[in-house]
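Now, the feature entries from TrEMBL:
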- 23-47: transmembrane segment (TRANSMEM)
- 59-77: transmembrane segment (TRANSMEM)
- 89-106: transmembrane segment (TRANSMEM)
- 127-146: transmembrane segment (TRANSMEM)
- 199-221: transmembrane segment (TRANSMEM)
- 242-262: transmembrane segment (TRANSMEM)
- 274-299: transmembrane segment (TRANSMEM)
Amino acid sequence: MLFTCFFFITLLRETMKYYWKSFTVGECSLLCQALAGFIASVGYNCFIHAGEHTIEDTTKILQVGLVAVFVFVIGLWKVPTLRDPGLFYPWFFCTSIMGFMTMLSIELKHNIFSWIIVFLTASTERVLLIVWFAILCIAAVSFVIYSQENTERSIAEVVEKKEAEPKTKSQIPLTVLRKVFHVLIVCVDVPGLLWDPELVYFSTGVILALFIIVEVVRLLQIPPFGPLIFASFKPLLDEKDSGMLVLTNIYLLLGCSAPMWLYPLPFEKQDYSAVLPMAAGVLTLGVGDTAAGLVGVYFGRNRWPGTKKTIEGTIACVVSQLVFVYTIQQFAPDFVNGYTWTKIATAASAAALVEAFTTQVDNLVLPLVFLIQILL
């Protein structure tokens, strides 16, 4: 406990010292608490109870893998020499690959590659979901390429026509463009949580590790991928990404994944009544926040006092979540078992009001608000 508190305070101080433009105090505090709790959990599972079957293999693999990534990042932070391209990739190989494989061989007591193959091909439904996820990844990459080309085209038009302000050809607001990723994550999480929650649970941890590595490469401009990633991110950045770090994509993943990490479904049984708390991130961010953004941009007329958010957007946020839950219930009748519609409406309303008034990054806050309300 003392170590966890000391780690949290040290991490909070160091992060705000070097990256204060990338966080508010609230955002940084929440992330540092989560990281400190994660490190404590890893220590408990991998050292205090090493060798005991206290957690699933998927959780153990994710914990070891993320620790390897954190060691990689801390090394780059504390030893600037490692940021040289000639040392960057060997350091990545030693920590995130060799260190990961060595630790897992000790913990799992069998070959990690054979485990991955068996895990990914465990059932026909899982294979089909993986194919579906791959299609969505291709769609996401295609959308990023489209956004980049559209921005470059609009800049060229500005230079050619000497317009006062660049405008994209499609005239699509940035808020709407960013909501595409919210919709994509709904397409990933909803079928995954209903048919194979263990796969989604495992996949989100893997993607988190990948996002962290991608952000490090972008921040340090490590060739050949750094400049390409920087150019791909640029068209989709807003005022929340004004600091050195670009974290909104990581916040979206954390927000949608945190409820399933905090309230994990017993993977050995298909209990749909436990899916609703795990879907808190998908409901609030993928459905509610997306509806609020779209309705607010195109139909919003009345603003909440002291904010840019509209009352119409807030109403759409609540209604869309309730309609979505009702729709899912038609396919999985046990989806709302144990939860009254009054409780669901209260949780959705609380999340919508926080979305309207918070000055923090709502991708982190809304799922936790919904989860707390639904479990009260």
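Sequential numbering from 1, following the chain as shown.
Even glycines carry a Cβ here, placed using N, Cα and C.
The stretch in closest packing with the transmembrane segment (23-47), judged by the count of Cβ pairs under 8 Å and taken from 59-77, 127-146, 242-262, is 59-77.
Most Cβ pairs under 8 Å with the transmembrane segment (127-146) belong to 199-221, among the candidate stretches 59-77, 89-106, 199-221, 274-299.
When each of 199-221, 242-262, 274-299 is scored by its Cβ pairs under 8 Å to the transmembrane segment (59-77), the top-ranked stretch turns out to be 199-221. Highest Cβ contact count with the transmembrane segment (242-262) among the listed stretches 89-106, 199-221, 274-299 falls to 199-221 (criterion: pairs under 8 Å).
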